[in-house]
Amino acid sequence: MSDLAHTAVELCRELLRRPSVTPLDAGAQDFLAAKLREAGFATHSVVFSDESTPDIQNLYARAGAGGRHLVFAGHTDVVPPGDSASWRFDPFGGEMEGGLIFGRGAVDMKGAIAAFAAAAMAFVAEGGAQKGSISFLITGDEEGPAINGTDKLLRWAHQRGERFDHCILGEPTNQQALGDMIKIGRRGSLNGTLTVKGVQGHVAYPHRAKNPIPHLMRLLAALTAEPLDQGTELFDASNLEIVSVDVGNPTFNVIPAEARARFNIRFNDIWTPDALAAELRARAEKAGAAAGAASALHFEPCNALAFVTQPDAFTDLVSAAIEQATGRKPKLSTSGGTSDARFIRAYCPVLEFGLVGSTMHAVDERAPVEDISALASIYADILNSYFK
């Protein structure tokens, strides 16, 4: 194992031993900051607060004072492990067996943080900070509500005068094998609630009541009857998914007074949240007028807009580094859920590339040692090419 690979693997194992379940940091960022300071980075621990959520620790680190500026973004917080007894090893033990590292966050995304940290520290040790600037933008609030995390950290950095040319976000983008996918954008996400009012009554006397459920079903059918669009060159078609239908009625002999459905829409760059809301309101109003139903359609505030980073020389550079190390030409994709790239996009072009995501958030989350080693080599190649 090379020195670079050894450093990446040991950093990963140490990070995994810090049980940083959102909103706790458990020393993960302090450990990372100490390692980066030893390598010549200036570090800043920044805590953000909001009256409705717990305080969150964030980390910003930088080496270099000028030239091109490449920032790596990531998160040290992880989802809960669930029943630890279901795991092969302690989910916060950083254990290795059979060429695999086990632990909550191995894939999402302490492995990628460790790989980039190893590459960046080696690059700086070889005088790389004279060629440009490398920074880390690390939050502890990605798996949670994302209120005191990357969005605020970016604003904090910008107010300090930090300007980024490009960003790599270390999300586990690969589907089957390391090198098969780069995320160049993300779909937007919009949450909505449809409520239909009725008149409560006894089921034996339906003429004295008005059941809201059939009206709700008709309205939901109207919302989903026609596709929202056919997709674009870089995006799949937008999709509305009904996620719950509730009436709050535990009995068999009462017609409920109200029925409510919740839904989520993953939308492409054809739409803005306002345009999408207007389209769905028009569909609901048309169907509601025909059915004679009193309904209300409410949309939650949206901070996840659809976006795409147009392929360019930076995309080519990252793709070439991946293909050189893995022999795979990565697919450029906008699939999947939202990520903190939705915040970063407002400051600089952002690409997402990390480990294989097949075990993220699962029992026995694990990453192959060879993948972490290869990822560190890919990141090192990116740094060398970027600052050439």
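Glycine is treated like the rest: Cβ placed from N, Cα and C.
Among the features that Swiss-Prot reports, active site is placed at ASP77, with the record citing sequence analysis. Summarising the environment of ASP77 (active site), the number of other Cβ atoms within 10 Å of its Cβ, over all protein chains shown, is 27.
Taking all protein chains in view, 23 other C-beta atoms sit within 10 angstroms of the C-beta of GLU142 (active site, proton acceptor). Taken from Swiss-Prot, the feature active site, proton acceptor covers GLU142.
Per Swiss-Prot, Zn(2+) 1 binding site is recorded for HIS75, ASP108, GLU171. In sequence order, ASP108, MET109, ALA112, LYS183, SER339, ALA341, GLU352, PHE353, GLY354, GLY357 are the residues near GLU171 (Zn(2+) 1 binding site), counting only same-chain partners six or more apart with C-beta under 8 A.
The annotation Zn(2+) 2 binding site is assigned in Swiss-Prot to ASP108, GLU143, HIS361 on the grounds of sequence analysis. Cβ neighbour count for HIS361 (Zn(2+) 2 binding site): 16 (other Cβ atoms within 10 Å of its Cβ, all protein chains included).
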With HIS75 (Zn(2+) 1 binding site) as the reference Cα, tell me which of the recorded positions GLU142, GLU143, HIS361 is the closest one.
GLU142
Nearest-integer angstrom distance between the alpha carbons (Cα) of ASP77 (active site) and GLU143 (Zn(2+) 2 binding site):
7
Using CB atoms and a 10 A radius, I'd like the single residue among the binding-site residues ASP108, GLU143 with the highest neighbour count.
ASP108
What three-state class does DSSP give HIS75 (Zn(2+) 1 binding site)?
strand
Relative to the mean position of the Cβ atoms of ASP108, GLU143, HIS361, the recorded Zn(2+) 2 site, which additional same-chain residues have Cβ within 8 Å?
VAL78, VAL79, GLY105, MET109, MET360
